[in-house]
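Single-structure report; data block below.
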């Protein structure tokens, strides 16, 4: 084996070791021993109750108890930070724990920035939906379709806030499943917009197909071990199909509908915002990570497409309200 090949292998192994250190904090013996000793010393047999001698040490707030921080959870949280500091002392990269970066807990919330931004997204969608209902007649084209997307979004943001508050298997499932429902609904709205002149029967069949697919996918996520990689691929593929569909639509109507530029702008900005999800860095001040920034970026995007709805209404082009529901 040549020295160049050997050097390449050494560099590759070094990169792999670094990657492991950066993502496997919960697999270190240090973390494992710390957690074992903590639970044996401070917790009840089931790991739920804090022993009397440790109550003053943990000093749980009303929010910690409300969000069900058990003694075992407190041990995991404390040992997580002890492990992080141990990595710091050795000059190693900040590790992840169970696939997540370490976050400072605030008022019982595991990821406070993502919770706040999810709630802000919910508030913005709710406020703009109410404004839409005041200004658009119920018999307007795509009135119901816009409501379907809005309600789907509101539900998704509720579960996003709940999941980032406390990460349980159930809250994780509902967050991922309902987040995908928003993306799938975007694709559904695009298809319905393309077929708005076709028969009600055809649109009904397609609606049932979308519903059946989503129920089946929800059931798939609910059974067995959660497949994060597959779920991400499905989300990206669905989003790309919806975006491509709108780009094709914009291309064909560019001479007849000048507002198509707003739709293009929305999807370009959405793509830029989604690129934040590709970044992966330790939380700034242990609170703000790339995922939280993605949630922050979607707040003005919601206002952007509802703003376009208002402009179209003032122009008496009611039929395109549904376009902005994606």
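Quick reminder: no glycine exception, Cβ is built from N, Cα and C everywhere.
Annotated signal peptide per Swiss-Prot: 1-22, in sequence order, evidence recorded as sequence analysis.
What Swiss-Prot lists as N-linked glycosylation site is 42.
Summarising the annotation, Swiss-Prot assigns transmembrane segment to 106-126 (among others) and lists sequence analysis as the type of evidence.
Confidence in the topological domain 'Cytoplasmic' (127-142), given as mean pLDDT, stands at 81. Residues annotated as topological domain 'Cytoplasmic' in Swiss-Prot, with sequence analysis given as evidence: 127-142 (among others).
The transmembrane segment annotation in Swiss-Prot covers 143-163 (among others).
With a cut-off of 8 Å between Cβ atoms, the residues of this chain six or more beyond the transmembrane segment (172-192) that come close are 142, 145, 148-149, 152-153, 155-156, 159-160, 162-164, 203, 206-207, 210, 213-214, 217-218, 221-222, 226, 231, 234-235, 238-239, 241-242, 245-246, 249, 322, 325-326. The transmembrane segment annotation in Swiss-Prot covers 172-192 (among others).
Sequence annotations record features per position, and here Swiss-Prot assigns topological domain 'Cytoplasmic' to 193-203 (among others) based on sequence analysis.
The annotation transmembrane segment is assigned in Swiss-Prot to 204-224 (among others).
Sequence-distant neighbours of the transmembrane segment (233-253) (same chain, 6+ residues past either end, Cβ-Cβ under 8 Å): 179-180, 183-184, 186-187, 190-191, 193-194, 217, 260, 263-264, 267, 270-271, 274, 323, 326. Per Swiss-Prot, the feature transmembrane segment maps to 233-253 (among others).
The feature topological domain 'Cytoplasmic' is assigned by Swiss-Prot to 254-267 (among others), with sequence analysis given as support.
Here Swiss-Prot flags 268-288 (among others) as transmembrane segment.
According to Swiss-Prot, the feature transmembrane segment maps to 303-325 (among others).
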Item to check | Long-range neighbours of the transmembrane segment (143-163), counting only residues six or more past its ends (CB under 8 A) | outcome: 114-115, 118-119, 121-122, 125-126, 129, 132, 136-137, 171-172, 174-175, 178-179, 181-182, 185-186, 188-189, 192, 295, 302, 309, 321-322, 324-326
Next on the checklist: With helix taken as DSSP H, G or I, strand as E or B and everything else coil, how many residues of the topological domain 'Cytoplasmic' (127-142) land in each class?
Outcome noted: 9 helix, 0 strand, 7 coil
Next on the checklist: Give me the count of other Cβ atoms within 10 A of the Cβ belonging to residue 42 (N-linked glycosylation site).
Outcome noted: 22
Checklist outcome for this item: Using DSSP three-state counts, the residues of the topological domain 'Cytoplasmic' (193-203) come to 6 helix, 0 strand, 5 coil
